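A.B. asks: Dropping a structure here in structure tokens format, bear with me for questions.
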Amino acid sequence: MQVLPPSSTGGPSRLFIMRPVATTLLMVAILLAGIIGYRALPVSALPEVDYPTIQVVTLYPGASPDVMTSAVTAPLERQFGQMSGLKQMSSQSSGGASVITLQFQLTLPLDVAEQEVQAAINAATNLLPSDLPNPPVYSKVNPADPPIMTLAVTSTAMPMTQVEDMVETRVAQKISQISGVGLVTLSGGQRPAVRVKLNAQAIAALGLTSETVRTAITGANVNSAKGSLDGPSRAVTLSANDQMQSAEEYRQLIIAYQNGAPIRLGDVATVEQGAENSWLGAWANKEQAIVMNVQRQPGANIISTADSIRQMLPQLTESLPKSVKVTVLSDRTTNIRASVDDTQFELMMAIALVVMIIYLFLRNIPATIIPGVAVPLSLIGTFAVMVFLDFSINNLTLMALTIATGFVVDDAIVVIENISRYIEKGEKPLAAALKGAGEIGFTIISLTFSLIAVLIPLLFMGDIVGRLFREFAITLAVAILISAVVSLTLTPMMCARMLSQESLRKQNRFSRASEKMFDRIIAAYGRGLAKVLNHPWLTLSVALSTLLLSVLLWVFIPKGFFPVQDNGIIQGTLQAPQSSSFANMAQRQRQVADVILQDPAVQSLTSFVGVDGTNPSLNSARLQINLKPLDERDDRVQKVIARLQTAVDKVPGVDLFLQPTQDLTIDTQVSRTQYQFTLQATSLDALSTWVPQLMEKLQQLPQLSDVSSDWQDKGLVAYVNVDRDSASRLGISMADVDNALYNAFGQRLISTIYTQANQYRVVLEHNTEITPGLAALDTIRLTSSDGGVVPLSSIAKVEQRFAPLSINHLDQFPVTTISFNVPDNYSLGDAVQAIMDTEKTLNLPVDITTQFQGSTLAFQSALGSTVWLIVAAVVAMYIVLGILYESFIHPITILSTLPTAGVGALLALMIAGSELDVIAIIGIILLIGIVKKNAIMMIDFALAAEREQGMSPRDAIYQACLLRFRPILMTTLAALLGALPLMLSTGVGAELRRPLGIGMVGGLIVSQVLTLFTTPVIYLLFDRLALWTKSRFARHEEEA
């Protein structure tokens, strides 16, 4: 159990003490590298830890959810399922839209995933419907990731169709080309088209069918190659008037002749310029608009991407007419910048508080300047390494540097205090610097490497949480390493040049008063320590009680995953009865918008109705509520959400689900609430049986709120039951029936108009305003084999049934997602346990599997690994300390201080009403590294006193405790004040920082009080144990 003797010649610090110019220039180089690194570092909310995610969207207007599932989604899923590196595949098939989200392993590059997706789409092409208007389109974007920027385009003078056309060609395409942009979507569905609305009675009276009209239009509007003539002297390209560009041209189109007279399209239909899809709409506040949502690619830097968009916007909007107004409704980077700025301010506050506490203890300006230089130098130098590692300035790295403020000053304080002690004894400053630095060098190395050992397990945390805290752990470790280098080089050199007996003895009224105060505190501590050493077993029982209390608090404290942030943006889903039409839903949405916009915290609102890549059915609407900046509103986001939901409850027939947007997005599906739980089965029938039963029980749980499900199986279906025998007798096939129905009610895209800038569609449908509702089916006519016109009603009956509004898959099997929030008086851990207990009471069949998704799944994973993470940190520290001390016993003495940190942190979190989440757990792990510093400083000096002065273990540890009391108190207060700004944080992003500060401040206060007494007692008990063990071995050897 011997340690290396401290050197009196300066050890590794001697070279730097004796060469002040070289040392100064070396530090200047570190400072300049850090400043350059800081200017080069990108800014972001959190480290870039996104899963490589690709979304594949296929539109098939008029197709029902079951047709989309079987004809589009399933063939694509089979191909995608063969890709390597695929982590999860989810899909949503609704009326006319299939959306497949592919999430890949973190280790797979996004570009590689993109190539595999493109190859899979190509392989599935022959399996998809032949009349699919457009092939599947993929985007490198996570649909659950909220847009980084939302813009509204409005006009008081132009129709929305023209506005969307201009925005799509002049603005959206250019923004899509910006590096980092994954997808630009235009919500509002006002893409220009020529709409042909057939008068069913008119065509029936003329003996025509919709298929006759469709064939006439498709044959009259073509755009194909015609060849060229190559003569002896000239070459001539052939062209023709085969394209029709306007609604007026289509009106004049002759579709048939009757009795020698032409029948024009305008005679049997209303032909007009309109929108390609009349069941889509978007609004900005109360005004109809084209809403442009910009989403980033996974892994792209959000700040630089948004900056590029803003720089380009003025140039893009110049090309638009003056009546067209482009407004930025939301920009997520505004809150990200504010959050980072607040964290930087807290970092500056931490540095100021730490320097203040140094002056309070040292009471000497030159002695205060030395650590005052070491702290910012260590932190600034870290930026240079961060650039090399491709890190960013984000909330977590800045939190690491803020916490590091208390860490890095420790080393300088320990060195200065030890050197000052020798100067006060009469040593020359140079000799004192050499002797003091050499004596303390081993302690600094022990402190540094044992603290870094605590951080090592963070690097091995799995999945996205591990990636998230990788930058935190490495940034903190680098700052600690640089601090150790500075403390062993610059600090002793400055002590040798700036400290003297005169400067240390020079006192004013404040220093004399504080000196007396510290002397009284040390004397009182000495008296208390003597009493404690006389009652070792009582003290040991207190230490064991803290261990037991830590375990109990760990079991009972509310547990969460990640703090809910207030980013100033709320995502909402509006739900209406399943049979709601587009017009009905649009009206309800406007009613809800009126209510929301009256709230004093709301700045703007965008809303969308219709089926697209994010909205699965006509009975739901998507909302984005943009709040005023935090300093301009009285309430935080959770209170605003509660107030809005209460207000909207007064609107009949709708349910509103709200959740605040978060910087960390783990989900791959746009959800109604923050947390998800899925049921997966081999068939839809099994889900239809068990989902309602589970929902009924979950909605009764007090641990859950806003419980809802995406299972909607009460969508109205008009089932056309064809008498196949009768149809066959008339020469009518099922394809003829499907075509007739599709022509009438599918907003069928039957032809394409080509222009120099864009392509537009011709849309065919029946004019349902003439014959609304199910009566429109009685107007359908088909052509028999002999050319006669046959009413559909003569060969078919229409039955009203129910069917799902959307069909969801997870890894190719049907799935239902139950979404929920957690009330304020419960934690996510409570909710998860309640769901699991409820599931057990149902006795679900074996063919139904359940699983938490997104943040909830990550919470389970993180919670399961937390205990092992802490154990790994303790084991890593034990190994490092054992190697440094060449002892099996002393590391245990040092680690015995850890339960006190756990008790303090957990108690502080419970008193503050905070959950034990991932951020708080990181704080507890850091406490393990801080608290053991006290024990290291005590034990190092006690061992030295035993070895060099021949003291007894009791006298040695007693003297070590008194000698090191002031630096222990100083370093603990420095670490506490470094964490204090985080605990008291109230600005943007405070929710993320506060748990770390609360846990560390609580842990430091409790551990500081207890370890000053428990550590020396445990040191003596283990010393007696070691002596007893040696005597036993010696006795056995003598007997042998």
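Every residue gets a Cβ built from N, Cα and C, even glycine.
Quick paste of what Swiss-Prot says about this protein:
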- 16-36: transmembrane segment (TRANSMEM)
- 347-367: transmembrane segment (TRANSMEM)
- 369-389: transmembrane segment (TRANSMEM)
- 396-416: transmembrane segment (TRANSMEM)
- 440-460: transmembrane segment (TRANSMEM)
- 472-492: transmembrane segment (TRANSMEM)
- 537-557: transmembrane segment (TRANSMEM)
- 863-883: transmembrane segment (TRANSMEM)
- 888-908: transmembrane segment (TRANSMEM)
- 911-931: transmembrane segment (TRANSMEM)
- 968-988: transmembrane segment (TRANSMEM)
- 998-1018: transmembrane segment (TRANSMEM)
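Walk me through where these features lie, including what they touch and how far apart they are.
C.D. replies: Residues of the same chain lying 6 or more positions beyond the ends of the transmembrane segment (16-36) and with a Cβ under 8 Å from any Cβ of it are 10, 377, 379-384, 387, 430, 433-434, 437, 482, 486, 488-490, 492-493, 496-497.
Beyond the transmembrane segment (369-389), the same-chain residues lying 6 or more positions past its ends with a Cβ under 8 Å from any Cβ of the stretch are 27, 30-31, 33-38, 40-41, 347, 351, 354-355, 358, 397, 401, 404-405, 408-409, 411-413, 416, 471, 474-475, 478-479, 482-483, 486-487, 490-491, 494-495, 498.
Only residues 6 or more beyond the boundaries of the transmembrane segment (440-460), in the same chain, are considered here, and those with a CB under 8 A from a CB of the stretch are 3-4, 6-7, 11-13, 407, 410-411, 414-415, 418, 466, 469-470, 472-474, 476-477, 480-481, 483-484, 487-488, 869, 872-873, 876-877, 879-881, 884-885, 894, 922, 925-926, 928-930, 932-933, 936-937, 940.
With a threshold of 8 Å between CB atoms, the same-chain residues lying at least 6 positions outside the transmembrane segment (472-492) that come near it are 10, 12-13, 16-17, 23-24, 26-27, 30, 47, 370-371, 373-374, 377-379, 381-382, 385-386, 389, 391, 396-397, 399-401, 403-404, 407-412, 414-416, 419, 433-434, 436-437, 441, 444-445, 447-448, 451-452, 455, 458-459, 922, 926.
Here the transmembrane segment (537-557) has long-range neighbours at 896, 899-900, 902-903, 906-907, 909-910, 915-916, 1010, 1013-1014, 1017-1018, 1021, meaning same-chain residues at least 6 beyond its ends whose C-beta is under 8 angstroms from one of its own.
For the transmembrane segment (911-931), same-chain residues at least 6 beyond its ends with a Cβ under 8 Å from one of its own Cβ atoms are 403, 406-407, 450-451, 453-455, 457-458, 465, 468-469, 472, 476, 554, 557-563, 827-829, 862, 866, 869-870, 873-874, 877, 897-898, 900-902, 904-905, 972, 975, 979, 992-1000, 1002-1004, 1007, 1011.
Within its own chain, the transmembrane segment (998-1018) is flanked in space by residues 403, 525, 528-529, 532-533, 536, 539-540, 542-543, 546, 893-894, 896-897, 900-909, 911-912, 914, 920, 923-924, 926-927, 930-931, 934-935, 938-939, 942, 957-958, 960-961, 965, 968-969, 972, 975-976, 979-980, 982-983, which lie at least six positions past its ends and keep a Cβ under 8 Å from the stretch.
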A.B. asks: Among the recorded stretches 863-883, 888-908, 968-988, which has the greatest number of Cβ pairs closer than 8 Å to the transmembrane segment (396-416)?
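C.D. replies: By Cβ pairs under 8 Å, 968-988 leads among 863-883, 888-908, 968-988.
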A.B. asks: Below 8 angstroms Cβ to Cβ, which residues of this chain, lying six or more residues outside the transmembrane segment (888-908), approach it?
C.D. replies: 1, 450, 543, 546-547, 549-550, 553-554, 557, 874, 877-878, 881-882, 916, 920, 923-924, 927-928, 930-932, 934-936, 939, 943, 998-1007, 1010-1011, 1014-1015, 1018-1019, 1022-1023, 1025-1026
A.B. asks: Taking a Cβ cut-off under 8 Å, which residues six or more beyond the ends of the transmembrane segment (863-883) line up next to it in the same chain?
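C.D. replies: Non-local partners: 446, 449-450, 453-454, 456-458, 460-462, 559, 829, 890-892, 894-895, 898, 921, 924-925, 928-929, 932, 936.
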